[in-house]
Amino acid sequence: DCPSDWSSYDLYCYKVFQQRMNWEDAEKFCRQQHTGSHLLSFHSSEEVDFVVSKTLPILKADFVWIGLTDVWSACRLQWSDGTELKYNAWTAESECIASKTTDNQWWTRSCSRTYPFVCKLEV
């Protein structure tokens, strides 16, 4: 069973938090709520529809943090001519992913920006 103020879908519980935090603080906050709780992860379009039905009425049109970060670190980047990336001019800020509550488009955002968020807990 889900905690009393969490919503249930499939084998998971969800809670929308309106307070705005940066990505790291939001993930830490989720972990403090319950053992096994983290920022939201999506595994099906049906799950997305459920989450949108919960977040949109509360947050209106806004972004929420989801549990993706540093997507580029897993990529082996190279130039279009096939040469290896040895020089780069990336900003020092790490990128995290926020989901738009209106249509579930995922956007890279600076991890230091503050957004509301959704915590997810496996039952």
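Cβ atoms here come from the backbone N, Cα and C positions, even for glycine.
For C119, the partner cysteine in a disulfide bond according to Swiss-Prot, taken from C30, C75, C96, is C30. The disulfide-bonded residues examined here are C2, C13, C30, C119; by Cβ neighbour count within 10 Å, the least packed of them is C2. Between the candidate disulfide-bonded residues, C96, C111, the densest Cβ environment within 10 Å is the one around C96.
In the three-state DSSP scheme, C30 (disulfide bond) falls into the helix class.
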